[in-house]
Structures are given as C-alpha cells and as structure tokens.
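Novice: My questions will all concern the structure given below.
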Amino acid sequence: WIMGHMVNAIEQVDEFLNLGANAIEFDIDFDKDGIAQITHHGIPCDCGRKCTKKAIFTEYLDNIRQVTTPDDPKFREQLVLLALDLKLQRISSAKAYRAGEDVAKKLLDHYWQRGNSKARAYILLNIPLVEDYEFIRAFKDTLKNEGYESYNDKVGINFTGNEDLDKIRDVLEVLGIHKQVWQADGITSCFTRGTERLKEALKKRDTPGYNYINKVYAWTLVRKSIMRRSLRLGVDGVMSNNPDRVIKVLKEKEFADKFRLATYNDNPWEKFRG
C-alpha cells in the first residue's frame, strides 16, 4: 500500500493518485465539542509541503465516495484504502467518544449512505494516542446502534503516536479488538528515525497467534534510501509525500519480484503469507 500523505484538499486526490498512490491519508480536524469539521493538518507539517490546504469534511467524503464507487464517472480503481488521521490530540480526551459518534454518522451519511452507496474503499481509523481509545468504542457503538454493524468489516484500527506496542495491545484487549489492526511507525519527513520500534512491530506481526498487528507501515518517507530500508525490513505499506518515488523504488531489481501494488482484491486485514 502506498499512502499519499496529507491529501486534504479535494483537488489533491487525483494529484496523488496520478503519482501512483493506491491509498490516501487525510486529516480530520474537530471543534472543541468533538464535531468533525474539516480536512486540515495545519502548521507545522512536513518539510516542503503546504500545511493549510483544507476541505469541509462532509464534502470531502461526498467526493471520495464517487472516486471509490465503480461505474461513477470519477471512479479510480486503484484507490482501495482511506486513512483518516484523527486530530484528537487537539481536543479534550473527554470529547473522544463524541468525536467517534460524529465521524461514524458522517461516514454513514456521506460515504456509505446507509446502504445506498456502492463505495468500496476500506477505512483505517488513525488514532494518535491510546488515551483516545473511547473514539473507537463510540465509533463501533454508533454503527451498532444505527443498524449498520456490518460496516465494521470495512474498518481497521491504527495507533500512530509511536507508543509502547504492549501498551497498545492492552488497550486493544480492553476494547475486544483482535483483528483488523495496523501499526504505524514513523516521524515527520523533516527528520530521520531509527528502526528499533519498526522492527519490533514487524516481529510481532510475524509471530504466530499474535492478533494485534496485521499490517505495518512506515511514515512519512521521502528519501529513496529510507524507502529501500523499510522495504528490506518487510513493511506492508509506505506513507509518502512522493508516491512516484515509491513506485520507482518498487521497480528496482531488488524489489520488483518481492513487492507489488495492493489492489481491491487484497484484504488489508489479513497478514501476508509470502
């Protein structure tokens, strides 16, 4: 999976897909009451990027629904995964449950259209810190209460704050989540990051019977040397400001026979058995 990073303006969706991304990440900004308002990162952000691009969240969902719906004029077959970077660290943890309710309802109304939409992308909920776990509980409660629990099959969980992996496992255990879990490891593209935690996550992913990590990705990679390093370690995905660079690296002799771009037929919740 090649995730286009910080795709917050509607016009950026095609831009990043044209560069080769098959997944996009966008930032969800909330008001003080936990209501999702806009797709927006804000300052500071990655080096060499404009941090202020934005869209109204519901309008963004309306557009991305079309982009991921077969037979729609805007349909782009390659886009199979949407990563929602939830900026919960900007609001009180006490509002995390309210935020989870709101995002679930907006996805129901504007993306899935309560069963009337044929939009098919998988959804990855990126939670910044384990202290915000009530967002997940609320999201799942809302799908159940609204009568659309089946959409859980399309939704995965990912904690992005580089916290202790055992601490993350403990929270997932409390929530009763034993599947559909991704694990991110990374840092802003302005800096380099070691591989100790990334290697630990990959080791856990590959441990038989360990159900708290199904996929691992590294972020935000812009240098080809770091992309190569991550691929050699065996990551499932790369988040980048430059998907075209990832495409070029994947075509190199070292990687061409080992990796390919994920398609809709690849289940993002299953561990890869090579």
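Along the chain as shown, the residues are counted starting at 1.
In case you wondered, yes, glycine gets a Cβ from its N, Cα and C as well.
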Novice: Identify the disulfide partner of C45 as annotated in Swiss-Prot; candidates are C47, C51.
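Specialist: Swiss-Prot annotates a disulfide bond between C45 and C51.
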Novice: Among D85, D102, D109, which residue shares the Mg(2+) site with E25, D27 according to Swiss-Prot?
Specialist: D85
Novice: Taking 8 Å from the centroid of the Cβ atoms of E25, D27, D85 as the cut-off, which other residues in that chain fall inside it around the Mg(2+) site?
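Specialist: Everything else in range on the chain: H5, M6, V7, N8, F26, I28, T39, H41, A83, L84, L86, K87, N126.
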Novice: Tally every other Cβ atom lying within 10 Å of the Cβ atom of H5 (active site).
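Specialist: Taking every protein chain into account, the count is 30.
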Novice: Out of H5, D27, H41, D85, give those recorded positions positioned within 10 angstroms of C51 (disulfide bond), comparing C-alpha atoms, in sequence order.
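Specialist: Qualifying among H5, D27, H41, D85: H41.
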Novice: Compare the C-alpha of C190 (disulfide bond) with the C-alpha of each of the recorded positions E25, D27, H41, D85, and give the closest one.
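Specialist: Ranked by Cα distance from C190 (disulfide bond), first place goes to H41.
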Novice: What residues, ordered by sequence, lie under 8 A Cβ-to-Cβ from C45 (disulfide bond) and sit at least six positions away in the same chain?
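Specialist: Result: M6, C51, T188.
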